[in-house]
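Heads up, the thing below is written out as structure tokens.
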Amino acid sequence: MMNHLLLALFLVGTIALPDRGTQQLTNDGLTGARREILSFLDQRLAVVYPVIQRFKSLITLDPYNVTKTWIGSDICSYRGFHCDNPPHNKTAVTVASIDFNGFQLSAPSIEGFIDQFADLALFHVNSNNFGGTVPSKIVNLRYLYELDISNNRFTGQFPTAVVGMSGLTFIDIRFNSFSGSIPPQILGQNLEVLFINDNGFTASLPEIPGDGTTHILFLTLANNKFNGPLPRSILRSMSTLTEVLFLNNDFTGCIPHEIGFLTGASVIDIGGNKLTGPLPLSLMCLEKVEQLNFAGNLLFGAVPEAVCMLLRDNLVNLSLSDNYFTHVGPWCRGLLEKGVLDVGNNCIPFFPGQRSMQECAEFFVKPKKYYCPHMWFHSFFSCRYSHISSSSSSAFMPMVAPSP
């Protein structure tokens, strides 16, 4: 009886496959004249073996000969594949992560590959040449918590299959050719990292649905084609953010005072957009910020003295170049002398490297649509610096543009 049991266990972990010297690939799988018996450590590995071999046959470029290691039954020794015990089963062995970062492999699609690893926790394939769309069946990968497909050739809409995957904490789809809008739910998901920069996303950013809470630490939307205003709910609810990169899009309107709620941020970059109006005084609530970039917008008014005064100890860079600011007070001049503040190419009288008088005049005579509605909101702040009243702070930030 014991011998029969051992034989049965052996057969569960084996699979009949053709000899590598004569194997052929067909739509029905692997066939060949000569067959060999491969013994696998676990049935889970036997199941993914043909998946790997099928994907291997689709690879058209392998400059580092990675796939030459994808032979035999020892899948755990294949380069790029890593095995571990699946959750809730410490005696089993499975492919827990796939890491092809920097392999420069080329394949037309990952359809039928990533979605076949039932126990996959990490999928990292940045800096390859994979194309197509992200398979919708990845929604079935219940253990997946890191997805990095950056720097490839993926196309189509935002991979909506990731929406609702409660285990996902890290999504990186940078440097691809995704387009369209992003689903509102993704901003309210339990993510720590969301990198979607350097794609072709358009439309305006959605407001965060539900209770408007989020746990995102790093949010990068840079180098897309997002337009419309900065959603107040995103700024208001993302106190956990440490890096906010919205640069080089087409955002319009004024900077909401809710930006002052990004109290955990060390880097905020909204340069290279079409934002207008004055800088909100709530910026002085950003106690941890080290780098602030608003360069290349349509901002005007005075550089707020309160911001320069209260953030001077932590600020490493405050870039306001290529705007239409008209005044810099003594505290801000101190940051200029330290090389922290950059106000080049503005409209500040008697300052070097400013716009021409004609260029400034043309900007300030434009219709009042360039002024923000509810201007008093820009003097609103909610932080521990409440001893500075809105009335006294108005001395820091004159709202009226000078005569051209």
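Any Cβ shown, glycine's included, is placed from N, Cα and C.
Taken straight from Swiss-Prot:
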type	residues	note
REPEAT	117-141	repeat 'LRR 1'
REPEAT	142-165	repeat 'LRR 2'
REPEAT	167-188	repeat 'LRR 3'
REPEAT	189-212	repeat 'LRR 4'
REPEAT	214-237	repeat 'LRR 5'
REPEAT	239-262	repeat 'LRR 6'
REPEAT	263-286	repeat 'LRR 7'
REPEAT	287-310	repeat 'LRR 8'
REPEAT	312-338	repeat 'LRR 9'
REPEAT	340-359	repeat 'LRR 10'
SIGNAL	1-16	signal peptide
Taking DSSP helix as H, G and I and strand as E and B, the repeat 'LRR 3' (167-188) has 5 helix, 7 strand, 10 coil
Averaging the pLDDT values of the repeat 'LRR 1' (117-141) gives 97
For the repeat 'LRR 5' (214-237), out of 117-141, 167-188, 287-310, most C-beta pairs under 8 A are with 167-188
Sequence-distant residues near the repeat 'LRR 6' (239-262) by C-beta distance (under 8 Å, 6 or more away from its ends) are 197, 214-230, 232, 268-277, 279-286, 289, 293-294, 299, 372, 377-378, 380-383
